[in-house]
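Enquirer: Please see the structure below; I have some questions.
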Ligand code: PMT
């Protein structure tokens, strides 16, 4: 951590005293640390303690009220890394929602660098569905959240909720620092979600894609230094940090964006589930039933194969990755798509299993390369799968 600047956010928990040791460890590793505290945190450890040890004045709601500068923006921009330790359930909930009603939250919201969140709370609060949702949200936003340790809580019994020890936090920080920037200087185009094809002004044909896989790819690529443009088809997920999102709705919208952007990028990760068919005619008015039990027939025509369309114009230094969503004959179908679409890789997804594939947080994929590469991942989070895919298709090979 030599020469790094760390903004340490101390929030209201009995574990605030451990933040003093963390500050010391960071300094020992060569980092400069500045501290911002919530009002609740100041009831556990005084700002003077952190000021004396860090050699910097501490930002609190009370001190900010007397400052003329925009101190929170200055501190947000100063820190290369942002560490919340201890992170109370309240701070986690508010930061997950983008609420900025204290100087600590305002600073955190304005901060752009890598973020490490170290929760400390009662086990009931940790297990509460609201906290679980907030933690998932922070992780989806690209923040690293450590799990609390199991041990004696302030309440006098042993359970999960203790703040991770400062040494464990240091290791996590060092890992965060060591995040490979192997996609730096590259521009990746990622597609996510499911396209919609209108039947009439109120109905459409679509599929079960949630966009989670594509968003995980965009997030991982951005974390690893890539410039990322994400073509997002009907996805309701938060924008990953640093990623430019362009919403699309239909396969035709996606085609327009792909044709415009593909020539400008170093790679395409085509995780979107594109409708293979669209109605021959889109009814001008809402389709009405005319009699009980009436059957209707809808006629569909094929959409163009967008991946095939753009991959046909692939430059030698561009990497093209398709995804195959299959319910049967997995390997055979995936290999056929790899060849037919002229992709460099096809990532095979088994969408017959609800625990992986569509809308699940986990996935298991087999990656096939045009060069004969083949690898099946274990069942892992989509974030971990995304990271792995980016390693396999690493730009150093292209
Ligand atoms: O979004 P999630 O809920 O997280 O789920 C992830 C996922 C299962 C949707 C994703 O990982 C996945 O498998 N995406 C590809 C879905 C798909 O459309 O598969 P396909 O086998 O029909 O198409 C193969 C490839 O051709 C895909 O890269 C697809 O984007 C592309 N394609 C398909 C049809 C078409 N007309 N044009 C295309 O470009």
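Placement of Cβ uses the backbone N, Cα and C atoms for every residue, glycine included.
Bear in mind that TrEMBL entries carry predicted annotations, made automatically and left uncurated.
So TrEMBL lists these for the protein:
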REGION    1-187  region 'Phosphopantothenoylcysteine decarboxylase'
DOMAIN    5-173  domain 'Flavoprotein'
DOMAIN    183-393  domain 'DNA/pantothenate metabolism flavoprotein C-terminal'
REGION    188-398  region 'Phosphopantothenate--cysteine ligase'
BINDING   276, 286, 304, 305, 306, 307, 323, 337, 341  CTP binding site
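What's the neighbourhood like for these features in this structure?
Expert: With a cut-off of 8 Å between CB atoms and residues at least 6 apart in sequence, the same chain places 305, 307, 308, 311, 322 near residue 341 (CTP binding site), listed in sequence order.
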Enquirer: Highest CB neighbour count within 10 A among the binding-site residues 276, 304, 306?
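Expert: Output for this query is 306.
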Enquirer: By the DSSP assignment reduced to helix, strand and coil, which category contains residue 323 (CTP binding site)?
Expert: strand
Enquirer: At a 10 Å cut-off from the C-beta of residue 323 (CTP binding site), count the other C-beta atoms across all protein chains.
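Expert: That number is 25.
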Enquirer: Please find which two of 276, 286, 304, 305, 306, 307, 323, 337, 341 have the most distant C-alpha atoms, given that the record lists them as binding CTP, and give only that distance in angstrom, rounded to a whole number.
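Expert: Those residues reach a largest Cα separation of 37 Å.
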